[in-house]
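Notes follow the structure.
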Amino acid sequence: MPSSKPPARSRAHLLESIGSPADLRKLEPGELPALADALRDFLIDSVSRTGGHLSSNLGTVELTIALHYVFNTPEDRIVWDVGHQTYAHKVLTGRREAMSSLRQYHGLSGFPKRSESTYDTFGTAHSSTSISAALGMAEAARLRGEDRRAIAVIGDGAMTAGMAFEALNNAGDIHDTNLLVILNDNEMSISPPVGALNKHLSRLLSGRLYNGARQIGKRVLGNLPPPVIELARRTEEHVKGMVMPGTMFEEFGFNYIGPIDGHDLESLLPTLQNLRTLKGPQFLHVITRKGQGYKLAEADPILYHGVSKFDHAAGIATGKDAKGGGKLTYTQVFGDWLCDMAALDKRLVAITPAMREGSGMVRFAHEYPDRYYDVGIAEQHALTFAAGLACEGLKPVVAIYSTFLQRAYDQLIHDIALQNLPVMMAIDRAGLVGADGATHHGAFDLSFLACIPNLVIFCPADEDECRQMLYTAYRHDGPTAVRYPRGSGLGSVPRQAMSELPIGKGEIRRQGKGCALLAFGSMLGTALQVGEELDATVANMRFVKPIDRDLILQLAAGHDLLVTLEENATIGGAGSEVSRVLNEAGSRVRVLQLGLPDRFVDHGDQAQLLAESGLDSASVLDRIKKAYQVNS
Ligand SMILES: Cc1ncc(C[n+]2csc(CCOP(=O)(O)OP(=O)(O)O)c2C)c(N)n1
Ligand SMILES: CC(=O)[C@@H](O)[C@H](O)COP(=O)(O)O
Ligand SMILES: [Mg+2]
């Protein structure tokens, strides 16, 4: 550490003096708590203006400072699991000024992104990938004889995913890999944590006294030559076996240290400095508080997990959401339907992989606690668990974001569709989600679902149709998927009475001439606008599978151009299904397939991203006119 004592600085100046971790490492350890306060104040103010993830970022301020202070980043690699807690990391790695553009069009990503900074060593956002990626980096360093560390920072929620254990299992067997796993345990996922792991972690917390003693031992050990450390460690293992039940992490082959206070820099710094000297897989358990330092977030870390812009007129202290209450969302339509359906059918059970709030299931969890399952961040398990329930005559509904369903693809095919089991998937966040960006857009589900035999795929065009489709899907004796976007639709009011729609049948919503627009789900609004402009026919297709073959051929017979519209990748999506039907029927009508482009769409607001993807009405109109010009 530097010997010269820099002059006392105001907290704000201290933060402004940090343009990189190299600047950070020039500070005295005693200056770091003031820096943490300044950084926390900055994050609260900044996120109150941009929106984003707040409580998890407030909980990792000291840990982030300590990691960049002790480790030689970016040569030492830090991989942040989920990465929603990396705003402090971004500020300390030269992006403080850019934080005003967070999660906005062409602005900073809300997650680590390799193309954004060399300090963002691995792109994350989908949970539980950090240990695998960091192990890969550690092994690359070992194989290349490079003296660098790889550190995975993973939350207690992310630790509940099977992939994290796959990585622990592999890492623990490679005795000379320089991997450090830091478990950031704040006893919260988005919702309160679930599962047996949470109970195990709680038991470890209760052993705090022993660990306190062991911590001191570690501090001393760090300054001794390695053979002595090894001897002391074996002795310690012996002591531990008598004093404290082994942690599961030690059973996986890791040297477990902790739990320590993740807000106490005086604990963090020496412990991390010691760990940096130890060889082999290391596991540090830190305890933090989600929302630390902002009373409203401390009191309600769930509400402040993801926030919109604050109403600054009301003052940051109120934490008041600038946008206030909005229109009925598809998520709320689902949540209301779920409770209504549960009241009608005792066989209904509902499952979420750790997204209770986001999927609209808070009321159901409260009203039907014995029929509600939060399985943790475990999408693969969620689907096969549902399959088991269905085998026994229950009617499972799995609420899952489109992007997270990607993680359970084989379970859907192999465990559900192949056995034709009546599992219903309510797929939320289908299409462009906005600020979360490329890692979260539900851009591919129609493409990866359409090829699965037995599956029925519903695309509701508005809120009422969504409710009717949820009912129809639930009543179907086979696997079903109802996909709907983030936010609100055309604003129809869902009828309380539920009735079954004819499966595989679309409808003509506007009769016109010239071209016909075949809209799937959320694109109906745009299709109707363009249809008015062109006096074209507009069909609400409703289903991707089974697709309405008769309607397609009827439209082909009466129009010179069919335009398909979907908020899904164009490749392999609904439009491809329409073309397949036409080809099989030998039709020669031209088809213009409009959907998401064959690239990853970044973050911004949904309207901006739809326009950028050519799916707003102006772009659709323009593309149709060009199609006619090309052929005139
Ligand atoms: C595969 C996957 N499923 C679900 C999510 C949604 N998600 C984002 S953060 C989060 C909770 C993470 O909890 P934890 O790891 O403890 O981090 P904390 O928010 O407590 O800091 C979840 C479920 C995700 N990002 N990835
Ligand atoms: C980080 C993460 O994966 C979740 O917090 C996600 O950002 C939630 O998305 P919604 O805001 O659409 O519920
Ligand atoms: Mg947590």
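The backbone N, Cα and C atoms fix where each Cβ goes, and this holds for glycine too.
No curator has checked TrEMBL annotations; they are predicted automatically.
Feature list (source: TrEMBL):
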type	residues	note
BINDING	His84, Ala125, His126, Ser127, Gly157, Ala158, Asn186, Tyr294, Glu379	thiamine diphosphate binding site
BINDING	Asp156, Asn186	Mg(2+) binding site
DOMAIN	328-492	domain 'Transketolase-like pyrimidine-binding'
Checking proximity to ligand 3 here: which binding-site residues out of Asp156, Asn186, Glu379 have their Cβ closer than 6 Å to it?
Asp156, Asn186
Sparsest-packed of the listed binding-site residues (Asp156, Glu379) - C-beta count within 10 angstroms:
Asp156
Local confidence of the domain 'Transketolase-like pyrimidine-binding' (328-492) - pLDDT mean:
98
Give me the Cα-Cα distance between His126 (thiamine diphosphate binding site) and Asp156 (Mg(2+) binding site), rounded to a whole Å.
14
Those binding-site residues of His84, Asn186, Glu379 having Cα within 10 angstroms of Asp156 (Mg(2+) binding site):
Asn186
Going by a 10 angstroms cut-off between Cβ atoms, which of the binding-site residues His84, His126 has the sparsest surroundings?
His126
State, in Å as a whole number, the widest CA to CA span among the thiamine diphosphate-binding residues His84, Ala125, His126, Ser127, Gly157, Ala158, Asn186, Tyr294, Glu379 given in the record.
32
Under 8 Å between C-beta atoms and at least six apart in sequence, can you list the same-chain neighbours of Asn186 (thiamine diphosphate binding site), or say none if there are none?
Ser56, Gly59, Gly155, Asp156, Ile287, Thr288, Arg289, Lys290, Pro301
Going by DSSP, is Asp156 (Mg(2+) binding site) part of a helix, a strand, or coil?
coil
Give the three-state DSSP assignment (helix, strand or coil) for Glu379 (thiamine diphosphate binding site).
helix
